[in-house]
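Asker: Got a structure for you, questions after.
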Amino acid sequence: MTDTIITRFPPSPTGYLHVGGARTALFNWLYARKTGGKFILRIEDTDTLRSTQESVDAIFQGLEWLGIDWDEGPYYQTRRFDIYQKFLDRLVAEEKAYYCTCSPETVEAMREKARAEGRNPMYDGSCRHKNRQPQPGAVVRLLTPDTGSTRIDDVVKGPISIPNTEIDDFIICRSDGVYTYNFAVVIDDLTMNITHVIRGDDHISNTPKQILIYEALGANIPKFGHVPMVLGPDRTRLSKRHGAMGVMEYKKMGFLPEALLNYLVRLGWSSGDQEFFTIEDMKHLFTLEAIGRSPGVFDMDKLTALNGEHIQKSTPEKLLPPLLEQMTDLAIPHDPDDTRLPAIISLLQPRSKTLLEMAQQAEPFFVAPSTYCEVAIKKNFKTGSLEVLKKIEEKLTESEEESETAMEALLHSVCEEMNLKLGKVGGPLRVALTGKGQSPGMGETLALLGKERSLPRIRAAIAFLETF
Ligand code: GLU
């Protein structure tokens, strides 16, 4: 036994990595990172009908995007059957497990009888002490105690005790030779020296059975922590019908992985009243003791606000690659080496809650508007706008400078000469340059577009207004 903390994330590859799974992975990963321990990835693919390589890849992709790295694995359960068999043989040899030849109909009749007598539906142990040799079509059952109770010292929920009379001799290997989840998981956790099993509380009913397997093997029992589920806004368990589930969908929507992780860590864990966490903060502050007992409710607006905060606190350098990806996805023509990009990003950082929004707002810096937004036209193209644009065009053509200060001075001189407020000048100019009713300030925009891009846009708007 070493003192190293070893945690694991063992997804079943029957779909993408969803936000609930990502949170479980995150808690285990953080705990390992916080304690200088180890985090293991294991693919629980014994359900061969529902497991797919596509899902395995999607899980890797999701973890990679989130930056959740593992120290060992990925292990695959389907490649570990010889290990499971050794432990199974040992249990049978020690009469702690046995082959059961009862037909499914017989077992169902026993359950029915128990139900009728007001007891829990259970297998009655008929084959106990009968079969120590493999039997055709037999399952293997664990011989469970008839008295006493099984106790879970749950690090999240506190102590839980289950009378052993409620646990029947459950199947550990099916008649087709496939080991059940409860058995494979215990043998894996045992042979991988897992010290802490942090998982969703949908697994809590499996835990007493798993503890009985450890006990039958005379093995150390890891610490268990069952984390409450993530709920949708209607307080039912989060599912597809609540919207996006796969973490990669959040990437598409323009979320930063660190913002999603920050949101997920807070959904079930807290550190004082701190809401904003960098990954480093999380790694330093995470504790199992501070995992909450009540379920977290997934709130898209909160996630979006937090994402905006992470964008604001990030740097153009870090935001550049994911922004370029968004622009490519939106088919916004751009030169990835455009030297204006860092300045465009810092300009848009305080104005964007997502990278998708940032990409949409960045578009006018790369492409001239092909149409003008109807609402923006109504609000900004007024009597006199044509003259304003002509004046700006004239001054900009003459201007030898393109800096933001020079551009602001230029706009102020237009205001002064025409005796107009800045809005009357900036409004039509904004539509001319961006096609939209909202954008960063006109001085900054003109400076970033430069004369070369701005003049043709202003001239196009003049032509538009002349025929308006
Ligand atoms: N494969 C199980 C799941 O995806 C893992 C449960 C566990 O952590 O033991 O739910």
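For all residues, glycine too, the Cβ spot is worked out from N, Cα and C.
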Asker: Looking at 11-21, 121-131, 330-340, which one is motif ''HIGH' region' according to TrEMBL?
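Answerer: Going through 11-21, 121-131, 330-340 one by one, TrEMBL gives motif ''HIGH' region' for 11-21.
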Asker: Which range, 77-81, 207-211, 237-241, 402-406, does TrEMBL list as motif ''KMSKS' region'?
Answerer: 237-241
Asker: Could you give me the DSSP helix, strand and coil counts for the motif ''HIGH' region' (11-21)?
Answerer: 3 helix, 1 strand, 7 coil
Asker: Just name the winner among CYS100, CYS102, CYS127 (the binding-site residues) by count of other CB atoms within 10 A of its CB.
Answerer: CYS100
Asker: Quick one: DSSP breakdown of the motif ''KMSKS' region' (237-241) into helix, strand and coil?
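Answerer: Counting residues by DSSP class gives 2 helix, 1 strand, 2 coil.
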Asker: Sequence gap of 6 or more, C-beta under 8 Å: which same-chain residues meet both conditions with respect to LYS240 (ATP binding site)?
Answerer: none
Asker: Give me the sequence-ordered set of same-chain residues, not including CYS100, CYS102, CYS127, HIS129, with a C-beta within 8 angstroms of the centroid of the Zn(2+) site's C-beta atoms.
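Answerer: Result: TYR98, TYR99, THR101, GLY125, SER126, ARG128, LYS130, ASN131, ARG141, ASP169.
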